[in-house]
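This report concerns only the one structure given below.
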Amino acid sequence: MGLLLPLALCILVLCCGAMSPPQLALNPSALLSRGCNDSDVLAVAGFALRDINKDRKDGYVLRLNRVNDAQEYRRGGLGSLFYLTLDVLETDCHVLRKKAWQDCGMRIFFESVYGQCKAIFYMNNPSRVLYLAAYNCTLRPVSKKKIYMTCPDCPSSIPTDSSNHQVLEAATESLAKYNNENTSKQYSLFKVTRASSQWVVGPSYFVEYLIKESPCTKSQASSCSLQSSDSVPVGLCKGSLTRTHWEKFVSVTCDFFESQAPATGSENSAVNQKPTNLPKVEESQQKNTPPTDSPSKAGPRGSVQYLPDLDDKNSQEKGPQEAFPVHLDLTTNPQGETLDISFLFLEPMEEKLVVLPFPKEKARTAECPGPAQNASPLVLPP
């Protein structure tokens with residue numbers, strides 16, 4: 001009996017140790033450098049950018065120009081975390097349009113807005129799970145100085161705030177033209193989103209602006225002010241106003257947003273290079289996505305900041321390393337932090353994933369950065 005008691009105590013200690021949660025013993029060196037033109041990396045980058053655009057409520061849809069850096073943290077049966085640095089371009093689609101970034105047009109060079117996004121993206125192929133854990137983006141307009149050296153007569157961007165009466169006039173005049181030509185609904189100005197000016201046969205102003213439905217029709221003009229107005233933007237208009245000594249020229253086109261219904265599969269396609277198993281992952285993830293009010297997904301997962309162009313006086317003091325400051329600090333613990341991802345799975349289970357800090361240094365491999373869709377130095381981050 002004297003020998004049985006120590007033996008029982010040893011067995012109890014071993015069992016308790018087996019049931020204890022494993023200690024974090026991780027190192028950022030666990031990150032695997034990936035080729036920026038690998039088909040699966042491009043597909044994951046496409047999914048990440050799709051979700052970045054879906055998460056935003058303001059601004060224009062961002063388009064992938066190239067993968068600048070890609071690192072993967074493989075977690076065995078739990079899938080992989082991708083740490084992506086993406087060079088992006090702003091398109092002509094507003095995010096409220098809910099259009100896939102692949103289907104949005106690229107802006108002409110003198111209107112370009114470009115930048116960089118960092119994203120942490122989780123993929124579990126066997127369980128068919130895709131999830132954007134966090135992102136941050138920094139954007140700048142193309143340098144006015146460089147545009148002027150290339151095209152001195154091209155339109156130049158101007159502030160969109162309400163203090164610029166020429167911009168406000170161009171928006172209200174062009175919207176009035178649209179309302180006059182529209183036989184039923186009337187619309188009012190919600191917000192000017194872009195503006196530029198140019199001298200043609202006189203001063204010309206070009207504007208893009210969000211519109212909302214007016215609570216009345218033309219026949220109700222006298223009682224319109226007595227009715228409440230819906231403040232939700234319903235479309236994006238592009239207008240222009242040119243004045244000469246004798247007359248003015250006004251033009252306008254409007255593109256209306258679709259209803260806020262769930263996006264269809266056509267809006268969620270991956271990038272052109274599609275591994276055969278990834279579309280199945282996306283299809284199932286659409287069906288198994290939890291409600292948007294899930295506590296685990298509440299709140300924004302990132303942000304997009306706009307800075308002046310690099311030749312602006314406010315940017316002169318910053319060196320190349322600070323040109324596009326994009327910080328993604330989901331965790332600063334070098335050993336990583338656990339992230340509860342149970343809500344991503346259809347089956348009731350408890351799943352936790354260790355997330356490492358976003359790497360401060362790029363992998364610097366021969367395969368990165370990848371080839372750019374637009375290789376102009378004007379729109380590539382330094």
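Placement of Cβ uses the backbone N, Cα and C atoms for every residue, glycine included.
Record source Swiss-Prot places CYS137 in a disulfide bond whose other cysteine, from CYS117, CYS151, CYS154, is CYS117. Swiss-Prot records a disulfide bond between CYS237 and CYS254, which is the match among CYS224, CYS254. Feature annotation (Swiss-Prot): of 183-202, 203-222, 363-382, the stretch labelled region 'Disordered' is 363-382. A distance of 28 Å separates the Cα atom of CYS137 (disulfide bond) from that of CYS254 (disulfide bond).
Counting same-chain residues at least six beyond the ends of the region 'Disordered' (363-382), those with a Cβ under 8 angstroms from any Cβ of the stretch are 33-38, 42, 63-71, 87, 89, 106, 109, 112, 114-116, 142-143, 146-147, 320, 323-324. Here the C-alpha separation of CYS254 (disulfide bond) and ASN182 (N-linked glycosylation site) works out to 11 Å. Here the Cβ of CYS93 (disulfide bond) has 21 other Cβ atoms within 10 Å, regardless of which shown protein chain they belong to. In this view, the densest Cβ surroundings among the disulfide-bonded residues CYS104, CYS137, CYS151 belong to CYS137, judged by other Cβ atoms lying within 10 Å.
Across the structure, CYS104 (disulfide bond) and CYS237 (disulfide bond) are spaced 16 Å apart at their Cα atoms. For the pair ASN136 (N-linked glycosylation site) and CYS117 (disulfide bond), the C-alpha distance works out to 6 angstrom.
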